[in-house]
């Protein structure tokens, strides 16, 4: 019985912490003069708490594991909801494809540039000039 209660407590604590960060983000988003989704702010709050080790990762692991495991199932209602606007998507297909392609290229360039900035040029073992 004690083990069962411990498992229930771990899942409950994980989901409460995740939802607390979500609702804190929604509250902060309502106060901001710019439009930033509260879920994004909540995710950043959770990231900061985990990165600064204010919140131990083992406290949110059970809830994160469940959410990631069933992520594909959680996207089904979103996909069905998008199909309500199929006519609008068909009319705007060109701009949607162009914006997806451009944003993918921009993300690719920013990630490659920042990776190069952070990691710099590394010498490969066996490469000429790598002997010290």
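Cβ atoms are placed via backbone N, Cα and C, with glycine included.
Annotation comment: Swiss-Prot describes 1-6, 52-62, 114-132 as topological domain 'Periplasmic', evidence class sequence analysis. If you look up Swiss-Prot, you'll see 7-27, 31-51, 63-83, 93-113 marked as transmembrane segment, on the strength of sequence analysis. According to Swiss-Prot, the topological domain 'Cytoplasmic' annotation covers 84-92, on the basis of sequence analysis.
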Tertiary contacts of the transmembrane segment (93-113), as residues 6+ beyond its ends and Cβ separation under 8 Å:
none
Of the residues in the topological domain 'Cytoplasmic' (84-92), how many are helix, strand and coil by DSSP?
8 helix, 0 strand, 1 coil
Give the residue counts of the topological domain 'Periplasmic' (52-62) per reduced DSSP state, in the order helix, strand, coil.
6 helix, 0 strand, 5 coil
If you average per-residue pLDDT over the topological domain 'Periplasmic' (114-132), what number do you get?
73
Sort out the residues at least 6 away from either end of the topological domain 'Periplasmic' (52-62), same chain, that have Cβ-Cβ distances under 8 Å to it, and list them.
10-11, 13-14, 17-18, 46
